[in-house]
Amino acid sequence: MSDNGNDNEDSGKLLYCSFCGKSQHEVRKLIAGPSVFICDECVDLCNDIIREEIQENTPEGNGDKLPVPIDISATLDEYVIGQQDAKKVLAVAVYNHYKRLRVGDKKKGKDEVELGKSNILLVGPTGSGKTLLAETLARLLNVPFTIADATTLTEAGYVGEDVENIIQKLLQKCDYDVEKAQQGIVYIDEIDKISRKSDNPSITRDVSGEGVQQALLKLIEGTIASVPPQGGRKHPQQEFLQVDTSNILFICGGAFAGLDKIIRDRSEKGGIGFSAEVKSKDGSKNVGETLKDLEPEDLVRYGLIPEFVGRLPVIATLDELDKEALVTILREPKNSLVKQYAKLFEMENVEVDFRADALEAVAEKAMVRKTGARGLRSIMENVLLDTMYKLPSEENVVKVVVDDSVIRGESAPLLVYGNSESAVAVPED
């Protein structure tokens, strides 16, 4: 190996990289081989090229290693607590979808049976894990993934986002590689917010409700979407990227507030006549249990048009998270909040100790706010804000203790100093 200032046996002879032609004085390192030399810059460039090729070929290379439903569900268990029924539905639907893409295409022409696409609808309360389930699936399958907010969508020609912007976002996630985008996953959040405003047609055009549902129909079912290259604006002389959406898996999610009442009304209606089944009102069921009885007709009554419901044949319902589930979410998943804060404090060489009663108090606060798991981080951030602000300036702190009184705002976190047996509370401002 030759360095910039190397003047041993090659004293007086200037060495050059055989690839880029730079001299030994222009680079940090020059590696010698049999009659050839390569500099550190060319080595880095070669590594980048090889890394890009490996990433590009990963989906094809893993084509025969598609995870089976049990493995998919097990991976979801690492990140999402509970929701076993939803995980099972998702695992089977996703497995069949990508099996259709990876195996079905190889047999095209030999078999006349054409497998249809099974898009998915997730129905569950806010903070129950709908978005996290979709994100984890995309990461597991190593496919492009994007999240779209249905509330920002409008019909083409109106102020707001065009539905084709969804495909543009997906392309951005994979550097405008059309082939990769065509096997991606799109999660459309807040899908319940585009329900039509009333059952009766109105003179006033519903551009953000039924109009958006109509616009999404073809996109979800499968069409050729024209997308401007590199996110430019559309104009007549421009060449568009043509993206076939027939192999893109669409997962729609929404809280559907009030849907449980529609389900109860339907299930409590009795028939007419002597043979009619008499049904009594069951007020003991919670929202999650009621949603398990969901039928497509309930979604139509809620405000989704029948054609749109038909494009989402796989329906998975998520349970409302109780206190025990929220405590488990705080502690057990791979990326749990307790583990994340432990890592943050570890960077300051400080141990953080969340007592069991503290985690229960956090869960209780989240239940009062009705934000599900989504509200847990906000509560933790507020509690630890002052400590994280002052800790980098403190010396000899080895441990921070958080109990239920800290969560309730009755006291500050306890700081334990290494040079003293005493524990000193952080003074409140």
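The count begins at 1 with the first shown residue.
From the backbone N, Cα and C atoms, a Cβ is placed for every residue, glycine too.
Counting every protein chain shown, the number of other Cβ atoms lying within 10 Å of the Cβ of Cys42 (Zn(2+) binding site) is 18. According to Swiss-Prot, the feature Zn(2+) binding site maps to Cys17, Cys20, Cys39, Cys42, an assignment based on sequence analysis.
Lys130 (ATP binding site) falls within a helix when secondary structure is assigned with DSSP. A simple way to gauge crowding: the CB of Lys130 (ATP binding site) has 26 other CB atoms within 10 angstroms, across all the protein chains here. The ATP binding site annotation in Swiss-Prot covers Pro125, Thr126, Gly127, Ser128, Gly129, Lys130, Thr131, Leu132 and is backed by sequence analysis.
Summarising the annotation, Swiss-Prot assigns domain 'ClpX-type ZB' to 5-58 and lists sequence analysis as the type of evidence.
Shown in sequence order, Ala255, Lys370, Thr371, Gly372, Arg374 are the residues of the chain, 6+ apart in sequence, with a C-beta less than 8 angstroms from the C-beta of Thr126 (ATP binding site).
Within the set of binding-site residues Pro125, Gly127, Ser128, Gly129, Thr131, the entry lying nearest in space to Cys39 (Zn(2+) binding site) is Thr131 (CA atoms).
Summary for the binding-site residues Ser128, Thr131: the Cβ-based neighbour count within 10 Å is maximal at Ser128. Nearest to Gly129 (ATP binding site) in space, judged by Cα atoms and limited to the binding-site residues Cys17, Cys20, Cys42, is Cys42. The Cβ of Leu132 (ATP binding site) has Tyr79, Val80 as same-chain neighbours under 8 Å, each 6 or more residues away in sequence. Checked against Cys17 (Zn(2+) binding site), the binding-site residues Pro125, Gly127, Ser128, Lys130 differ in C-alpha distance, with Lys130 being the nearest. According to DSSP, Cys17 (Zn(2+) binding site) is assigned to coil rather than to any helix or strand.
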